[in-house]
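As written in Swiss-Prot, here are the features:
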type    : residues                                    : note
SITE    : 31                                          : site 'Important for tRNA non-discrimination'
SITE    : 83                                          : site 'Important for tRNA non-discrimination'
BINDING : 173, 219, 456, 505                          : L-aspartate binding site
REGION  : 197-200                                     : region 'Aspartate'
BINDING : 219, 220, 221, 228, 498, 550, 551, 552, 553 : ATP binding site
């Protein structure tokens, strides 16, 4: 007989019915000759009972059952007695008395029990077992629901799902490409796509108006908890749109996914702040809006300070983020922190380049010598008054200061703000705090390379009010350097993590060539790498823009997990290896010869 029910679907309404169940032995217990088995499939558990008095043959077979054996059990649904009801199981009010048992497969003894706390490496080595865990099955089923919600919503909004090539040409997008050698074209290589960026733009030029794809992308970069060498994007592009159109559409997709998968209502419209505001108030371009603390800028008032550290930072000149900055972060109630705790936070900001962490404990008004700190004696009344007005500090508060290059101050105090907010439990009640960050700079100055780089990618459109600065012969006026040119780019941030990013694209050939020129990509290189795009732009390209949502990150945050590896079926380690399949691996010399390749790698010999 074929399966009639999933394990977790059997309920009191089926009492008296005969059902056929299939699944794995989760647990087996022998109580006075009666054998109880928790049978598991992807939906959950149900208790099946083998009674020697009622059905001797299946009971005899049940003596051979062990963990993870695969069985088919046919039996009658019966109500459990009052004393045996299990309120912790969905099926805890019933059990199935087995009349017929088929053992479909046996199992070797497990290297670990599925409910054991084990190392991640062991989990990844035996991923096929780890995926049987209820929490992993929940995670992947949840991911499935998100994907189906997105597809349904975008299809209903007039989007066309189009697949783009996995084998394409190498183009610079900020990270290293994964390269694939061509056997048919010796010496040439494909690249696995870092994103479908150029193809989706070409689809807009081809007139498809609204495109989407749930797509695999590849980046050969150093990994951390929220990154993988291959990852999944919810990718979309729209024609004849402005930033607001893309952001509103994206909000509707995300809001629907939260509602369907979590039953959570996300307030709309999502708050919007500019990049400049994010950096000024929070120090990071992906601020965690659950934390109400803000940074305050003291640079101007500290330019004449007697405190050398503040004065030097306030008067430091430099291009881009190399100019000086002095900021303060008020920690409400932080005056209770011990010196040891403050030293720990000082070490923490050192990770981000800060040379120290000045502080003031507010024990009373500054006019009454109520501020406790080694730096107070260097501060004049005007500076103290400015600090008080900026922070509105109260008795019991703690003030942390950053003084250095803007890049160091923003990063260190921005990260400290998040750390303090979480460790001191200063998060607001909003569990999912979304924010749009808009008007990113178009370009960033690389001080080491002495050249401009694209903040997002070379195809991002500049803000229409700032295009004039790109068109100047020298690239920009003295009063308005290129780093101040804004872009029509926008990021969606959730709880301090970027979950999506996009922009309006350049649809004018001359402007696109100018952008490449500013990035020091010459005509020959531009033609070689982007010639197909530049040609397409000349044949009636519409205004267009889009966005990509990181599916792995989004699901991780929705489930409150720490690592995206827990929402991916077969992830890689932080060394980009698969412990289960042992990929990457050596290949046969004949395969390399076919590809006209040979390895020059020489392993280190033991000394």
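One is the number of the first residue shown, and numbering goes on along the chain from there.
Positions of Cβ are set from backbone N, Cα and C atoms, glycine also.
These numbers come from a predicted model, not from an experiment.
With a 10 A radius on its CB, residue 498 (ATP binding site) counts 16 other CB atoms from all the protein chains. Within the same chain, residues at least 6 positions away in sequence whose Cβ sits under 8 Å from that of residue 505 (L-aspartate binding site) are 201, 204, 459, 460, 461, 544, 545, 546.
For the region 'Aspartate' (197-200), the model's average pLDDT works out to 97. For the pair residue 551 (ATP binding site) and residue 219 (L-aspartate binding site), the C-alpha distance works out to 15 angstrom. Cα distances from residue 553 (ATP binding site) to the recorded positions 31, 83, 219, 456 are smallest for 219. The maximal spread of the ATP binding site, taken as the longest Cα to Cα distance among 219, 220, 221, 228, 498, 550, 551, 552, 553, is 20 Å. By a simple count of nearby Cβ atoms, those within 10 Å, the most crowded of the recorded positions 83, 456 is 456.
Between residue 221 (ATP binding site) and residue 83 (site 'Important for tRNA non-discrimination'), the C-alpha separation comes to 57 Å. On a Cα basis, residue 31 (site 'Important for tRNA non-discrimination') lies 54 Å away from residue 498 (ATP binding site). When each of the recorded positions 31, 551, 553 is scored by how many other Cβ atoms sit within 10 Å of its Cβ, 31 comes out lowest. Packing around residue 221 (ATP binding site) is summarised by its Cβ count: 14 other Cβ atoms lie within 10 angstroms of its Cβ, all protein chains included.
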